[in-house]
Amino acid sequence: MAIYAVVGTQWGDEGKGKIIDFLSSKIDYVVRFNGGNNAGHTIVVNDKKFIFNLLPSGVLQGAKCILGPSVVIDPLILIQELEVLKNNNIKTEIFISDKAHIIMPYHIKFDELSEQKKGIHKIGTTKKGIGPCYADKINRIGIRTIDLLNTEIFANKLKTNLEEKNQIIEKIYNDKPLDYDDILNTYKKYIEILKSLITNTEKILHHAINSEKHILIEGAQGTMLDIEHGTFPFVTSSNTLITAAAGCGIPISKIKQKIGIIKAFSSRVGSGPFVTEISNSIGDIIREKGQEYGSTTKRPRRIGWLDLLTIKKAIALNELNHLALTKLDILNNIESLKICTAYEFQGKIYDYIPTSCETIEKVRPIYKVFKGFKEDISNIKNYDDLPIEAREYIEFIEKEVGIQISILSVGSEREKTIFRNQEWSNI
């Protein structure tokens, strides 16, 4: 039995989808433990691009897929993704936790209206209803997938919630109320499609562990968007750390292989402090070469140099023992590359990320500068064949964080991957 966990070390969009995809080739179960359709992961197989927002990345390898209790589910999006699998003749088993919460139309409405009302102070959410859905969960008024299996229970909870939500929509936001019958009838159609997938996933995972099955746990977003440890309030609404995987029913002590995904540069979607942000044309070049646009929102991502403070924080919080570096190929033909090693503010050197966003906004990055490499590295298969400049960049990261980068991605396709030890190439 082997249980792997994969998490992002930055602000999401690190390239987790590709890494998870090939790790899933010999995995029995892939489990998503957090977030909703605000996360997007892109996988390229045989020159065909797949983008999923809810289904785990391992779905293309035939692993059984579980959406855990802490995932919030938009039924329409999930149905659309299931249709993609069907249309591409991809056969797999999908299990939805009966404890997972359901995104309702009023959650999406609240998300949109709240962002509008905040104006220049908006968080920059995806407006998918994720935050309002988690808020209802915390307030203990959310609708769970188990409620969908009993029409009377679902209808009563919807009625109670909608009466309260419509009061807020009308009186606080001066907008039109939502219609109860429209929502009920629409969701009844969703229920017919999804009800056979809703089950006790905790029981399935316990059986899998006892049967010594191989399990891969997949996190959405990244460490710096964690609700507790990220750049609050410019964060997501869920816990993104490996510790949150316990919510799936898998004891943390069982997870031996913890893999952190690092993008060779930094990116961020939406508002919030971004110390290493590149404000000149180099940022634009990296964005275009790397196609750095949100999988979910299509918004252009903000681009920055690699920030080692975020990587060190992610390693410490997640107890990572393996690293994968992605999109190294995007950095070719750039004269100088930079890595941030510390921050400075008012004469004080920070080797950690301050808690206050107001402080983070004011710090100055301290950089180590590297000579760039010109070669196209996207077809290189062996580490020693990489340009010396690329290897110096990689080895500096390893020296600073104390963990070997075992996997290098030099292109979006599965085969454009360099393994630095036999353990990963044989999985």
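Cβ atoms here come from the backbone N, Cα and C positions, even for glycine.
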From Gln116, Gln221, Gln291, grab the residue that Swiss-Prot records in the same IMP site as Asp13, Glu14, Gly15, Lys16, Asn38, Ala39, Gly40, His41, Thr126, Arg140, Thr236, Arg299.
Gln221
I need the least crowded one of these binding-site residues (Gly12, Gly15), counting other C-beta atoms within 10 angstroms of each C-beta.
Gly15
Which whole-number value in Å describes the distance between the Cα atoms of Val410 (GTP binding site) and Lys298 (substrate binding site)?
23
Taking the Cα of Gly12 (GTP binding site) as the centre, which of the binding-site residues listed as Asn38, Thr126, Thr297, Lys298, Arg299, Pro300 lie within 10 Å of it?
none
